[in-house]
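For reference, the structure discussed in these notes is given below.
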Amino acid sequence: MKFITAILVIFCVYLLSTAGDSKILPLKKLPSKIFGHLKSHVDNTVKKPLKVFGHLKSHVENSVGPLRMNKLTPNCIFGVKSMSMVLFTKNIPDGKYISLDSDLGRDLDLTKTIYFTAHGFISNVNHSLSNRLSRALVEKDYTVFSLDWSDAACTTGGLPLVKLLGYPSAVQNTREIGNLMADYVMSLIDHGASLRNMAFIGHSLGSHVCGFASKKIYESGYGKVPLLFAADPAQPLFQLKQCPDRLCDTDAKLVITLHTSQIGLGYPIGGLDLYFNGGFVQPKCHLDITCAHIRSVLYLINMVEKKCSFPGIPATYKQILNPFSKFPYPNSKTTDCFVMDDSIFNPRRKSLQNLAGGIYYMFVDPDTFCTRKNFNCQR
């Protein structure tokens, strides 16, 4: 029953996401070769290889006869069929798909901070908030690689209602997508990029993708990703899993988790767990879980676009779960508070690793989804 409820909620997310899609970038189904890492999939129905990041591997997808099954079912149930990267820079504000033949030397400044973003279930890089987040980070003079794993995330193919039934497949695909993302990151490092200048942002299922990518990078001997933002990491089919099979606080030097809805993992999962407005219901969303779920991305965007800051005070998970808990708004005399603003996006910030870990109740203005600017309190 809980799974069915979760599926219905996810369908609402789908309806919301399709309503807000941006048409700025053309969605390409065939990803490209990257730095010599090649993965080939063969689809017998079209007799063409599909190139995907990774090492050489062959996969055969059987034909289902005159009526193509993927006309009715989402592509995600067939496994990882394709993925690609979109590069955003100051000179490429609209983003462009990257292939092996692209001369990244013209577009990529390896001295700048590089962000990798990963969308969630039934979404893509064209989604309005995903695109807006990438553009906002570029305005801070960061380089952004936006991972498009829409085929494996059940975005393409199939009927809307049937796509929801593909959620378990999308969950299963997060590990392989994460591994392929790691291959891409390691290729960049092999060609001169520094892991110390990199950070990840994942929303919902994309948070777990970033977690799996970080795990592989570390296990491959490249070190730990400095900073990983998990925007309301997906809960369905992850809530009972242990660290090896989901996002974990050890995946990066600092994992910052933004909790905003009931569809996200409610229990602490990062090195710094931030419960915005209590972590379950957001201002003006009321009981709309989909609104609260995507609000985690909007808060990140607001920090960059509007220079918002969000003050928080220490809390326990028991206090967070208690609907009768009261949290006093901090002031200049408050101690042990935490203020989150756009400075937190810099993975090279010296004080980043000194941030007090733990759980914080984060205050959100009900009208502006922001809080006081230049807010200070005692540390």
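Residue positions begin at 1 at the first shown residue.
Note that Cβ sites are derived from N, Cα and C of the backbone, with glycine treated the same way.
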(request) Could you identify, going by Swiss-Prot, the member of C210, C248 that forms a disulphide bond with C243? (result) C248
(request) Could you check the recorded positions N126, S204 and say which one's CB has the fewest neighbouring CB atoms inside 10 Å? (result) N126
(message) Please report the three-state DSSP label of C243 (disulfide bond).
(response) helix
(message) Please give me the CB contact count at 10 A for D232 (active site, charge relay system), counting all chains in the structure.
(response) 28
(request) Write down the Cα-Cα distance for D232 (active site, charge relay system) and H293 (active site, charge relay system), rounded and given in Å. (result) 6
(message) Could you check which of the disulfide-bonded residues C248, C285, C291 is the closest Cα neighbour of C154 (disulfide bond)?
(response) C291
(request) Tally every other Cβ atom lying within 10 Å of the Cβ atom of H293 (active site, charge relay system). (result) 27
(request) Could you check which of the recorded positions (C76, N126, S204, C243, C248) sits closest to C291 (disulfide bond), going Cα to Cα? (result) S204
